[in-house]
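Please read the structure below before turning to the comments.
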Amino acid sequence: MVEQGVLDIMYLNKNNSSSAASSPDKGKKKFDNLKISFTDDYPKKNAEILSGQYGINLLLVGLSLMLALSYRGSAVKEEHLLSLLISLMLLQITWMLWYIVRKDRQTCFVSEKDSDAGTSWLRGGLSLLALISLIMDAFRIGYYVGYKTCLSPAVGVYPVIHAVHTISQVHFLWFHVKDVIKTFETFARFGVIHAVFTNLLLWCNGVISEAKHFLDTHKRRLLDLGDTNITVGEEEPCCNCTTNTCSIFSHGLSYLYPFNIEYHIFVSVVLFVMWKNIGHTTEYQRNQNVVMRTNGLVAGPILGTIALASTIVVLVLYIIKVGDSAETRESAITMFYCYGIVMLLFMCLAGSVGLLIFRSDNVPLDYSKNPSRKLDADLLFGTAIGSWLMSWCSILAVISTKSRPVYGWINFMYSLLVIIEKYIQNLFIIESLYRKQETSERDEVETIPEIYSVSAGSSLSLASSYNGIINRAFENQDKVCVSLETDQEVNNQGYSHTGSLPEGSISLHTRRLAKPSKRRRVLKNIAVFLFLCNISLWILPAFGCRPQFDNGIEEETFGYTIWTTIVTVAMPLNLFYRMHSVASLLDVFRKV
């Protein structure tokens, strides 16, 4: 019994010693695992949240300055806000320069691409808006030169930095917006989200400046019509202009505000897609190349051009008549609502026909992950809230108001059609964007012979095309660092000696050119018609045709302050909705 007890004690001591020896190893392993979890998994899981919180707080800081600046007695001055915006733009320029230099140094690295982000036509539209923004910066510089004796230097520095920021940002969007960043992800998230919210702050600054200018114009119009309860603040600085062009620059800025506003909000959306793509897992979907064809486009462009021309006429007549007298003002508002009712009825009809065609095709929807497409759908619904809010307020005002103007129930019909039209158009666009591409269709086919010659010893490889993000990391890595001269030599050796090929080496192939079916022709015409109609409905409020301020019905129900606040907040969303619909409908036309 004693010997057995001694053996048990020795056995226990042996186990305890081995466990004591292994405890440091276990502790080291736990420490290593903890270290890996904090240095590897932690940033990947939470960098998006951290960068998002940084961007939101950046936006709130800028908005607080803008709100304080709107109060005339505040200690916050315009140079404080401009100094913040200048600092943010310089910081974004520095980050973009760092990204471009770092990527150019990685000569043997081929990054993944998102083919849906930043299409060529979208980048072209942004470049056009950027060009108009540069013209606006030139006007601001000219305005500052005229009043430099009583303006802060920040007013003159801001347009210069904004012009440099615009040029560098357009260059970045043209060449790098499709990149799917997989290195320095945490730092890249903060850099891209900083660019997103910098452009959002510039958009908010433009919206507030444009709204202030429009409200002052509206107040002056009321004063001319005999309203003595309105006070208008001074727009011009408290000094004399040293040049003869100050008034030209001042009035020209009011017409350029809408383009600058749309430029910054579109850049924010495009950069937000790039931010969502950072560290994104690639998905592959085999699909044919999309080619834009204009066969059968007759009714859509003709009707859309008529709508656009009538929009210009209505805009000119409205601006001329609304400030003359009470009678002409009433006729101008009535004319606007009648025009809007006819336009919205045709748009509702076109969207409904498009939805019926989609429903009759029975083509399944594509639910694969696509950040760009999901953002398009979210923005269509999110920005439609602005005009829906104004429309419901107008409907309530018409029903409850005591005064009965001629255009009262016409305003009711117009507001109701705005709600229905956006509802139908959103469904039509999203139905098209989420619809899968048809691989085989009953279209008329025209065959054209083509001759392909292949040299002896060469092999012909058929490369598949993919939608979505293209992962070039799976390609042959030996081809990444090959110089252009070597590629040209190989190509010349492979395809230049067709004369010495033996008989039978030349093969005849046919290329299939599918003419669009009748359904596709109708859908293309609908997309073009809605495209031009949305441009028309963007032009009217963007250049001063806003009967929501002039009809007086809503002000009687909600009061001047509340109704002015509603329109000031909702109108920029409505303008962005129309411009975003234009971009989405061009995508619909391309994919039909």
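From the backbone N, Cα and C atoms, a Cβ is placed for every residue, glycine too.
Residues or ranges marked as transmembrane segment in TrEMBL: 54-74 (among others).
Per TrEMBL, transmembrane segment is recorded for 80-101 (among others).
Counting same-chain residues at least six beyond the ends of the transmembrane segment (121-143), those with a Cβ under 8 angstroms from any Cβ of the stretch are 155-156, 158-160, 162-163, 166-167, 169-170, 173-174, 177, 243, 245-246, 249-250, 252-253, 256-257, 259-260, 262-263, 266-267, 270, 583, 586. The feature transmembrane segment is assigned by TrEMBL to 121-143 (among others).
Per TrEMBL, the feature transmembrane segment maps to 155-175 (among others).
Long-range Cβ contacts of the transmembrane segment (187-208) within its own chain (Cβ-Cβ under 8 Å, at least 6 residues beyond either end) map to 47-48, 50-52, 54-56, 58-59, 62-63, 66, 70, 81, 85, 88-89, 91-92, 95-96, 98-99, 162, 169, 181, 257, 260-261, 264-265, 267-268, 271-272, 274-275, 278, 572. Summarising the annotation, TrEMBL assigns transmembrane segment to 187-208 (among others).
For the transmembrane segment (255-275), the list of distant contacts is 51, 114, 117-118, 122, 125-126, 129-130, 132-133, 135-136, 139, 166, 169, 173, 177, 179, 181, 189, 192-193, 195-197, 199-200, 202-203, 206-207, 209-210, 213, 371-372, 375, 379, 542-543, 572, 575-576, 579-580, 583: same-chain residues at least six beyond its ends, Cβ to Cβ under 8 Å. Look at TrEMBL and you will find 255-275 (among others) tagged as transmembrane segment.
TrEMBL lists 296-320 (among others) with the feature transmembrane segment.
The transmembrane segment annotation in TrEMBL covers 332-358 (among others). Long-range contacts of the transmembrane segment (332-358) within its own chain (CB-CB distance under 8 A, at least 6 residues past either end) are made by residues 303, 307, 310-311, 314, 317-318, 321-322, 406-407, 410-411, 413-414, 417-418, 420-421, 424-425, 427-428, 431-432, 435, 519, 522-523, 526-527, 529-530, 533, 536-537, 540, 545, 547, 550-551.
Within the same chain, residues 269, 408-409, 411-412, 414-416, 418-419, 422, 426, 429-430, 548, 553-554, 556-558, 563, 566-567, 569-574, 576-577, 580-581, 584 sit at least 6 positions outside the transmembrane segment (379-400) and bring their C-beta atoms closer than 8 Å to a C-beta of that stretch. Summarising the annotation, TrEMBL assigns transmembrane segment to 379-400 (among others).
According to TrEMBL, the feature transmembrane segment maps to 406-424 (among others).
If you look up TrEMBL, you'll see 522-540 (among others) marked as transmembrane segment.
Per TrEMBL, the feature transmembrane segment maps to 560-577 (among others). Within the same chain, residues 207, 211, 215, 258, 261-262, 265, 379-380, 382-387, 389-390, 393, 422, 538, 541-542, 546, 548-549, 554 sit at least 6 positions outside the transmembrane segment (560-577) and bring their C-beta atoms closer than 8 Å to a C-beta of that stretch.
The list of residues near the transmembrane segment (155-175) in space but at least 6 beyond its ends in sequence, with Cβ under 8 angstroms from a Cβ of it, reads 78-79, 82, 85-86, 89-90, 92-93, 96-97, 99-100, 118, 123, 126-127, 130, 133-134, 136-138, 140-141, 144-145, 148, 195, 202, 263, 267, 270-271.
Recorded stretches compared: 54-74, 296-320, 406-424, 522-540; the one with the most Cβ pairs under 8 Å to the transmembrane segment (80-101) is 54-74. With a threshold of 8 Å between CB atoms, the same-chain residues lying at least 6 positions outside the transmembrane segment (296-320) that come near it are 332, 335-336, 339, 343, 346, 516, 520-521, 524-529, 531-533, 535-537, 539-540, 543-545, 547.
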